Amino acid sequence: MAAAGAFSPLSGTLLRRRIPLHHHRRFLSIAAAASEAPAPAPAPSQPPPPPPRPRGKGYFPKKNEILELTCEGLAFKGKGVCKVDGSSFVLLCDGALPGERLVARVRRLRRGAFAEAAKLKTLSPHHDAVEAPCPLAADCGGCKSQSLAYSAQIHHKYVQVRDLLVNFGKFDPRKLESSDSDAILKPIVPCDEIFRYRNKMEFSFGTKRWMKREWKEEKEEVSKGEEVETDGYSLGLHAPGFFDKVLHVETCLLHSEPADQVLAVVQGSWTDPALGLTPYDVYKHTGFLKHLMIRTGRNVSTGAPELMVNFVTSCYKPELLVPLVDRITKISEVVSVVNNVNTSVGNTSVGEQEYTLYGKPTITEMLRGLTFQISANSFFQTNTKQADVLYKLIEDSAGLKGDGSEIVLDLFCGTGTIGLTLARSAKHVYGYEVVPEAIADAQKNAQLNGISNATFVQGDLNKISETFGKEFPKPDIIISDPNRPGMHMKLIKWLLEVKAPRIVYVSCNPATCARDLDYLCHGVEEKGLSGCYELKRVIPVDMFPHTPHIECVCLLELC
């Protein structure tokens, strides 16, 4: 249950009621809703006091109303759960942290269930406050919890997982957190390195440089908004909630130091008029530079870092990139420079064509003793060291005998990293994934590591047919690692029918994870499905410090 005095938006009666299946998606969206409004840093001037309004049980805020709030906890995705004095109405506020008193403006009203607010001003600091080492921490959406002590970050993540398992999963809180070793919910696994842990960062070029709007004394100025854009070229990260505005970033504490050197060289060069480089304009569909992606791997022989730099451009004009390539390749760790060409009006980082401008087209990385080749657009776990910890937990949960007698089914296998780490102890691994490029990478990785007992098949697990599963023997262990929406009801129905002895469910979204665990263990009454699994263990893993993201490794055994 939620801690005393704290409120979880997942624990109200609205979510406790038995609700029709077709409403689950809406309630999940309430739990996971997160506007990307920036959290401006405190400014020295004082805000005008909000006009007093009578507040009681039936209090309901108005859009654009400015309120003094107290943050009582964190909801899923890191939004602060806030209340107005004398009222029980909940406002979710991005950037608010437990114990903080703040001024915020009501931005959205959510069907009477709660509201979303934008933080304008800190009145008194939150509990467990620390100084954020990055000067952009309050404005950049990449790591918004830097000013919260890391011990407090992982505590709140643990509480979120627990509350979701109770309220969405309908699991007994006494069994989740019993005092003996049989407790289902295990302590969260922290990350040893809370900075410099990302092996991939994607920066955007833009024509609108974003900055926060400082607090204004005049109420009419405040009501215009908390942010403002200015004309001017910029290279950095998208402002939270905006696809067209770019926050200028000169250094980032999340990626490696050599990657920071690359960013600094590009920042110091690309606006030189002599180079003739222009950022892509998302409205006019003109300009050349779209994105700068930097990936960090390791040389498998020496263990030294090696970098791939990927310029995403609107057309293929390699001569324009030559001066930048010459400068960044003076950094010894850079072993690959590629150019993805994306001619569409969209601003994605994946191009229709890819060209190697320097060095080799891939870099390498080691994970659980295996070697993986990583191309510009390959999926690979973003935190390599913590991924090694995560995969060890998956191996332990799978509990393979090691005698080569068991069949493993790896659902949502991606580039095959989980399945290939298990193949050494299995009779055969069958992997399924919807993205054909990921399947091609999985097959290459199997060949690279000399693994012949792994088969990877391209298929959409959201659209499985009645014949699904006929092409392989009945699995002894199923690994399911879906993306954020979780598993489709068709797949859950198939899992309940095939009755594999063990399922290891790996989730990056605790809300949909709790929902799917409920279906597998307690059934789906409206579909006439009976649950046939017992939840044995849930291990939260912090893969991304200073962010709201949580990974979970869950073990289910057939009843």
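Going from the start of the chain as shown, residues are counted 1 onward.
In case you wondered, yes, glycine gets a Cβ from its N, Cα and C as well.
A TrEMBL annotation is a machine prediction, not a hand-curated record.
Among the candidates Glu354, Glu433, Glu437, the one that TrEMBL lists alongside Gln381, Phe412, Asp481 as binding S-adenosyl-L-methionine is Glu433.
Taking the mean position of the Cβ atoms of Gln381, Phe412, Glu433, Asp481 as the S-adenosyl-L-methionine site, the remaining residues of that chain whose Cβ falls within 8 Å of it are Phe379, Asp410, Cys413, Gly414, Thr415, Thr417, Ile418, Pro482, Asn483, Val506. Burial estimate for the binding-site residues (Glu433, Asp481): highest at Glu433, by number of other CB atoms within 10 Å. Taking the domain 'TRAM' (52-119) as a whole, pLDDT averages 85 in the prediction. Here the C-alpha separation of Glu433 (S-adenosyl-L-methionine binding site) and Cys508 (active site, nucleophile) works out to 17 Å. Counting only same-chain residues six or more apart in sequence, the Cβ atoms lying under 8 angstroms from the Cβ of Gln381 (S-adenosyl-L-methionine binding site) belong to Leu367, Ala387, Leu390, Thr417, Met543. Using DSSP to sort the residues of the domain 'TRAM' (52-119) gives these counts of helix, strand and coil: 3 helix, 34 strand, 31 coil. Across the fold, the C-alpha of Phe412 (S-adenosyl-L-methionine binding site) and the C-alpha of Cys508 (active site, nucleophile) stand 13 Å from each other.
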